[in-house]
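Annotated in TrEMBL:
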| type | residues | note |
| --- | --- | --- |
| COMPBIAS | 1-10 | compositional bias 'Polar residues' |
| DOMAIN | 250-446 | domain 'Major facilitator superfamily (MFS) profile' |
| REGION | 1-27 | region 'Disordered' |
| TRANSMEM | 45-65 | transmembrane segment |
| TRANSMEM | 85-105 | transmembrane segment |
| TRANSMEM | 117-136 | transmembrane segment |
| TRANSMEM | 142-162 | transmembrane segment |
| TRANSMEM | 174-194 | transmembrane segment |
| TRANSMEM | 206-226 | transmembrane segment |
| TRANSMEM | 250-268 | transmembrane segment |
| TRANSMEM | 274-300 | transmembrane segment |
| TRANSMEM | 312-333 | transmembrane segment |
| TRANSMEM | 339-357 | transmembrane segment |
| TRANSMEM | 378-399 | transmembrane segment |
| TRANSMEM | 419-440 | transmembrane segment |
Amino acid sequence: MPNIELQNRTPLRPPGSEGESDEHASSQPHARIIQHLQAADKGLAAYRVLFAAFAFEGVLWGFPLSFGVFQQYYTTLPGFAGSQFITYIGTIATGITYLGAPILAPIVKQYPQYQRLLILVGWSLCVMSLIAGSFANTIVGLVLTQGVLYGVGYLIVFYPVVSIVNEWWIARRGFAWGIMLGSSGISGVVYPFINEALLHKYGYQTALRAMALATVILTGPLLPFLKGRLPPSRNIILTRTNWSFLRKPIFWLYIMSTIAQSLGFYLPTLYLPAYASAAGLSTIIGATLLAVVNIASVLGQFTYGWLSDRNFSLNILLLSTSAVAAISSLTLWGLAQSLSFLILFAMIYGFFAYAYLAMRVRIGMAVAAEPNDSMTMFCIFSFSQGIGNVLAGPISGALLTANADVDAHEYGYFRYKGLIIFTGVSMVASAICISLSYLVPTRFRS
């Protein structure tokens, strides 16, 4: 996810300070108390924060990104099989993080003194959701716990962590973000195998409790490390957003492209394990495919982030991600009947589809009227991503219900035909929106 810029703070006056009277202080409203801050971008404290953020991102965000293994397992349980609501668990858990950006990001920005409290609350909700989910015996119960509650918990954790990282890493923020966000890709390689083994041997109740315990052990001791660099402040200097970008056609084309891309974006990682099972492959192969997608996603986001930093054409980069993701979905995935085709699809789709996410910083820069509008852009495009993520759940569930049978001689084993076509079409629609931007007169682009 792109950077969230911090606003300047006026430090609180230390209690009982005798340097000047209240009257003198009030006569100089712009007076500031000079405090010595620890150095940014270097030192033990900065790296300690980065390490903690790396662990939190990897452990907490890596779990829902590997939900496809849980989804495949749930479809095999007698009480859950056939329910179209299983998909809601994963799409809601991830979608809430994006949908909640316009709410949580401004709160963290306005009240930075509560960053650590918010992290503790969100972290506790994530752990509680896993424990509560282990006692759920219905799909609705799992949607509310493993889906909604976990998503809300991570939402409350993520934005304060982002704020703290941005305080400690300024000149080398790109480096810090690369380290932090890369952790979910790394954990996404490990999680599928761990979850598959736990589910196969012990069932989902024990698996969820084990995940809760692992979360406490791996991240709990790091909570004290997540401490802001800037002193608490009573006065936050807020900047007014220039909303003139709403009048730009290019802005709305990027919004439509983001929503279209997000509608199909998450579906392959949800259904690849189930598709592998339909192809007669073992459950460990399904976990392997998710691991391949996650490895490729790290490489894709790094590559496209590097290209965007070097001022390659934004529209060309966006077009290439959506177009290649669409082609690979409609051909490699739809026609796949062997492991080699599925691995090739996982590699290509993971690299190009996830690379789109790395472009959101550039998209915001392309349409923002002022540099200080970066946070507003972040919230708007994150919310757009969340719309697609959440809608993907009911849409994909309905598509699978409409084609309930499996036929090895049909495209997408018939059962997944509509799902695969929908994924490809959503990527095509995203690419079309980007292509239409070339029709926008130059004077309306900036």
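Here the Cβ of each residue, glycine as well, is placed from N, Cα and C on the backbone.
Remember, TrEMBL labels are computer predictions, not curated facts.
Source: prediction; values computed, not measured.
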CB contact flag for the transmembrane segment (45-65) and the transmembrane segment (378-399), at least three pairs under 8 A: no
Maximum Cβ pairs under 8 Å to the transmembrane segment (378-399) - stretch from the list 117-136, 206-226, 339-357, 419-440: 419-440
For the transmembrane segment (250-268), distant same-chain residues with Cβ under 8 A (at least six beyond the ends): 90-91, 94, 293, 318, 322, 329, 333, 345-346, 349, 353, 356, 360, 363, 366-367, 380-381, 384-389, 391-392, 395-396, 419, 422-427, 429-431, 433-434, 436-437, 440, 444-445
Local confidence of the domain 'Major facilitator superfamily (MFS) profile' (250-446) - pLDDT mean: 89
Top partner of the transmembrane segment (206-226) among 117-136, 142-162, 174-194, 419-440 - counted as Cβ pairs under 8 Å: 117-136
The transmembrane segment (85-105) versus listed stretches 117-136, 142-162, 174-194, 312-333, 419-440: most Cβ pairs under 8 Å: 142-162
